[in-house]
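Novice: Structure in C-alpha cells, see below.
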Amino acid sequence: MSLQETIIQELGVKPVIDAQEEIRRSIDFLKRYLKKHPFLKTFVLGISGGQDSTLAGRLAQLAMEELRAETGDDSYKFIAVRLPYGVQADEADAQKALAFIQPDVSLVVNIKESVDAMTAAVEATGSPVSDFNKGNIKARCRMIAQYALAGSHSGAVIGTDHAAENITGFFTKFGDGGADILPLYRLNKRQGKQLLQKLGAEPALYEKIPTADLEEDKPGLADEVALGVTYAEIDDYLEGKTISPEAQATIENWWHKGQHKRRLPITVFDDFWE
C-alpha cells in the first residue's frame, strides 16, 4: 500500500460524498455522544468566521435542536464563543457566521490580556517569545477558554479538525488541536464546502481565503502560502488523484512532520518518530 493510500485509509476520506448523508452522519454522531454521556448538556466551539468553525457550529446547533425536540430536555444547548485577540480585523465575517449558525448561546471571551500576560511572564525569565510562538500561545489560550466554558456548563469542546488540516498538521498542538469531538473528521476542504452549500450558507462563508491569522508580523497569512501547497492539491491527494510530484512531496513531508500532533505524548513503546 502506498503512503497516499495509507493516509486516505487512516483519515477515512471518500473520493465522492453525498453532502446530505454526511450532514446527517455528523449530526447523529454529535447526538449519540451526548446521549451516551447524560452528564453532558452543551457543546462549546470557538467561532472564527472561517469555513470550518462555521460548518461545525451549524452542525452542532442542528444536533442540539433535534435533541431538545426528541427528549424534551431544554438544557441541551450549543454555546458559540468568539475568542478575539483585541479587535479582530475580520469581525464582520465572524458575525456573518454567527447569523448563519444561530447558536443557542453566543459569548465573547477576549484573550488579549491572558496572552499578553503569559507572553510577558515568559519573557521576564529572559526567554524571548517569537511572533510565531506568541501565535501558538493565542491558540492555546483559546483552548483554555473553551474548556473553562465547557467546565462551567457541563459541556464538551468541539474541534474543527478535518482531513485537509490533519494531513498537514496545520493546527496548534494543545491549541485548536485540543478538543473532545471532531464532527468534520473524514472530510477534506472542498467536501466541507459542499456541506455548507447544502445547508444553505451564503458563498462568502465558504469562499473566504482560509487563514489561521495567528501571527502579528504576517496578519491574515493564507494557509496555502504557509503550507506551500494549495487546498485543491491537498483535496485531490486525499481523493486518490495524481498530483504533481512537488505537491505530493510537500504534503507527505507535512504528514511526517506532524505525526507527533496526532498522537498522545510519546512513550518508550512508541517508535514512529525514529
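Including glycine, each Cβ sits where the backbone N, Cα and C put it.
These came from Swiss-Prot, pasted as-is:
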type	residues	note
BINDING	G46, I47, S48, G49, G50, Q51, D52, S53, T160, K189, T211	ATP binding site
BINDING	D52, E165	Mg(2+) binding site
BINDING	R140, K173, D180, H260, K261	deamido-NAD(+) binding site
Novice: Hey, how far is T160 (ATP binding site) from D180 (deamido-NAD(+) binding site), Cα to Cα, in Å?
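Specialist: D180 (deamido-NAD(+) binding site) has its Cα 11 Å from the Cα of T160 (ATP binding site).
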Novice: Least buried of the binding-site residues S48, T160, T211, going by other Cβ atoms within 10 Å?
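Specialist: Selected from the binding-site residues S48, T160, T211 on minimum Cβ neighbours within 10 Å: T211.
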Novice: Counting Cβ neighbours within 10 Å across all chains shown, tell me which of the binding-site residues D52, E165, D180 comes out on top.
Specialist: E165
Novice: Quick one: among the binding-site residues G46, G50, which has the most Cβ atoms sitting within 10 Å of its own Cβ?
Specialist: G46
Novice: Do any residues at least six apart in sequence from K173 (deamido-NAD(+) binding site), in the same chain, have a Cβ closer than 8 Å to its Cβ, and if so which, in order?
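Specialist: Within the chain, K173 (deamido-NAD(+) binding site) has Cβ neighbours under 8 Å at H260, K261.
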Novice: What is the nearest of the binding-site residues R140, E165, D180 to G50 (ATP binding site), using the Cα of each?
Specialist: E165
Novice: Taking the Cβ of each of the binding-site residues and counting other Cβ atoms inside 10 Å, which one has the highest number: R140, H260?
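Specialist: That would be R140, with the most Cβ atoms nearby.
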Novice: What is the number of other Cβ atoms found within 10 Å of the Cβ of K261 (deamido-NAD(+) binding site)?
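Specialist: Here the count is 15.
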Novice: Measuring Cα to Cα, how many Å separate G46 (ATP binding site) from E165 (Mg(2+) binding site)?
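Specialist: One finds 17 Å between the Cα atoms of these residues.
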Novice: How big is the Cα-to-Cα gap, in Å, between E165 (Mg(2+) binding site) and D52 (ATP binding site)?
Specialist: 10
Novice: Rounding to the nearest whole angstrom, report the longest C-alpha distance spanning R140, K173, D180, H260, K261, listed for deamido-NAD(+).
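Specialist: Per the listed residues, the maximum Cα distance equals 18 Å.
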Novice: Of the binding-site residues listed here (S48, D52, T211), which is spatially closest to R140 (deamido-NAD(+) binding site) when Cα positions are compared?
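Specialist: When the Cα distances are compared, S48 comes out closest.
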Novice: Kindly assign K173 (deamido-NAD(+) binding site) to one of the three DSSP-derived states: helix, strand or coil.
Specialist: coil
Novice: Taking just the CA atoms, what is the gap between T211 (ATP binding site) and D180 (deamido-NAD(+) binding site) in Å?
Specialist: 23
